[in-house]
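Working notes, beginning with the structure itself.
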Amino acid sequence: MTLSVKHLLGIKDLTAQDIELIFQTADNFKEILKRPIKKVPTLRDTTIVNLFFENSTRTRISFELAEKRLSADVVNFTASASSVKKGETLIDTVNNILAMRVDMVVMRHSASGAPHFLSRHIQAAIVNAGDGINEHPTQALLDAFSIRERLGEIAGKKVAIVGDIMHSRVALSNIYCLKKLGAEVTVTGPPTLIPPYIAEALGVNVTYNLREALQWCDVANVLRIQLERQNSPLFSSLREYNLVYGVSREVLDSLQKEIVIMHPGPINRGVELNSDVADSGQSIILHQVENGVAIRMAVLYLLAGKRGEIVSGN
Ligand code: CP
């Protein structure tokens, strides 16, 4: 089985079969990551560059670990310490890197569509590690994989996505992914942080009432308030946001059931999520981070078009 795409630019481009193939491949890699020797020689002939034009902790480390577990040669590029600061363009930067015979590019950029632009100009396989407010496909894959792991399956499950939907690439990729896999999705948050036509455009439910969304769902994926992408204030204060839309122990205890809590990170503790929830047994936040390595190994392996035995790497 192979993926229907040459690049991973967004979940929008994937079929449900692609996503299932990535999950099945990640299941195998997750087994390998539990072994004393966590490394396989599968990509030993492959060079991958991680191009990060925007800050990252989880995604960048997770991709680098995934690449090293697969024995790829890895080069890291940070825009803030590069010739981008001297005015070099994106296409010149990438072409210079590719002249050094790189096979795959993992890219994060603040401009929506940057990896799509690049895919039209270069031969190497591209993995989108987050582009502006558009998509963050590997985050959505690891989120859905983590729900599948906790609840057994995705189809028929009810997932609430909470908070700053407007500026969130995680929200858009999660909506595409969950709906392709048969889940029902509700978005909730202040009206100023929810795009007006999202219900019609993406087939999700909308409520501005947090408690109603939490009472309805099996899983709540709580999003970071992205102040850096808000040009003008969209709610009165962080304190008021926490009082109305923060997921707290009090609100969870008032529900008639126990739901699963997720967050892609980084968390603004005491804003969208309180610590007594983030660090509780209901939270699978660190499982999401753990699963990110296996998911990214699966994506890199499948895009590299490798055949044969994953486990031995022969
Ligand atoms: N979830 C996520 O993308 O986190 P980073 O910005 O730290 O990579």
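Each residue, glycine too, has its Cβ placed from N, Cα and C.
Since this is a predicted model, take the numbers as computed values, not measurements.
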Request  = Going by TrEMBL, R58, T59, H136, Q139, G265, P266 bind carbamoyl phosphate; tell me which of R35, R108, R239 is listed for that site too.
outcome  = R108
Ask   = Per 10 Å Cβ neighbour count, which of the binding-site residues R58, K86, H136, R169 ranks highest?
value = H136
Key: Close in space, distant in sequence - Q139 (carbamoyl phosphate binding site), Cβ under 8 Å, 6 or more apart   = T59, G130, R169, V170, S173, N174, P264, G292
Task = Could you tell me which of these binding-site residues, R108, R224, has the fewest other Cβ atoms within 10 Å of its Cβ?
result = R224
Task = Go through the binding-site residues R58, R169, R224, G265 and pull out the ones with a Cβ less than 6 angstroms from some atom of ligand 1.
result = R58, G265
Surrounding CB atoms that lie within 10 Å of the CB of G265 (carbamoyl phosphate binding site), all protein chains = 17
